[in-house]
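Feature annotations, courtesy of TrEMBL:
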- 29-48: compositional bias 'Low complexity' (COMPBIAS)
- 29-55: region 'Disordered' (REGION)
- 132-168: region 'Disordered' (REGION)
- 135-151: compositional bias 'Polar residues' (COMPBIAS)
- 174-396: domain 'CDC20/Fizzy WD40' (DOMAIN)
- 302-343: repeat 'WD' (REPEAT)
Amino acid sequence: MEAKKSGLNLPAGMSGTSLRLDTAAASSISTLNSPSSLRSISNLTSPSKSNSACSDRFIPCRSSSRLHTFGLLDRPSPVKEGSNEAYSRLLKSELFGSDFASPSLSLSSPAGAAPPSPLSPSKNMLRFKTDHSVAPSSPYSPSILGQQNAFPSDSSTPPPKPPRKVLKTPHKVLDAPSLQDDFYLNLVDWSTQNVLAVGLGTCVYLWSASNSKVTKLCDLGPYDGVCSVQWTREGSFISIGTNLGQVQVWDGTQCKKVRTMGGHQTRTGVLAWNSRILASGSRDRNILQHDMRIPGDFVSKLVGHKSEVCGLKWSSDDRELASGGNDNQLLVWNQHSQQPVLRLTEHTAAVKAIAWSPHQSSLLVSGGGTADRCIRFWNTTNGHQLNCLDTGSQVYFLSPFFSPLRLWVANFPKGVCFTNYFRKWGSF
């Protein structure tokens, strides 16, 4: 009876006198027993009485939440015939990352964590992790099935490119009567304006590749002949070496002779332009440098070869000049001395084909004649030979491609046709 008077429900066998309550505690208990307090406490509980023991008092129970109304449930896509769950998880892993495709990402997330969004599978935007959306360089891409079960992905690696086809038939055939069959002459040159110059006997003809128009530039007369032609780098002027040892400069656009320079005793078989100097090589074993800004025939004479000079080439920075001769020597000159700074004697035949790398100023390549048949790579800084390649026939012409790893080689196997070799600079 005393328990009922105090408003407490005591278990059997416990008397009210055994409880000692303070005044503040008694007042709080009486406040909790009020109808208004009981109503507010009942509002904090979960709407479902069966799940009240597992519910959180701050976040409602997920089982009683209407997630389907807001589209938060992970609705499975319609299963097509022949597909399986492993394939679907693998596809999600490749597109959105391994975290998104993990089967553990479901509604059983810990309390207080928001459900993952399908559009943003990664929770930490600034976390360092592997980007699975980029195709890996390895043929084996990451897989959610494990490292042992990973298999090659054909979609991640591009298919190999087919080999480049080199045509065996000419694109254009031009008639070239009176073309001299002489290994030491240079009778063909192509300008940067897509105009081809060809020396035929005593005449020089120009062929435009854009409209196939043929123009007769000059005729040297019955007592002279064309031994070499060379365009300037801009492609507007052309120099002609004659059989009498003269060097003529013509305007290719107006077909007008600009200047005639002498100095050689016999035929001028090779010419080479840089930005302002024209170098000419002759059978008299000398190399003359002509400056178009000076009225004289030449500004300097380079003497070093013991036989006819048949190859000349300026470096891309105009600082060095490489010359090859019929004495099997390759000489390198600079603008500060009239003596060669390098004398390379490894070739066993005439050195006609010479080319400088446009990407490395100290890389020089040269080709030998019939008895040598080799392409040799040189470091002009220390004079060391970097590599050597036996082509099987005499090397007639060398020209670097715009790519730093390509080189075009023209030679005469059996003396009848050109052959193209595509190699890497210095790595044969």
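Backbone N, Cα and C atoms are what each Cβ position is placed from, and that goes for glycine too.
What TrEMBL says about a protein is an automatic prediction, not a curated fact.
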Positions on the same chain near the repeat 'WD' (302-343), where near means CB under 8 A and six or more residues out: 183-184, 269-275, 277, 279-283, 285-289, 349-358, 361, 364, 366, 368, 372, 378, 380, 383
Summary of DSSP states over the repeat 'WD' (302-343), given as helix, strand and coil counts: 0 helix, 21 strand, 21 coil
Mean per-residue pLDDT computed across the repeat 'WD' (302-343): 93
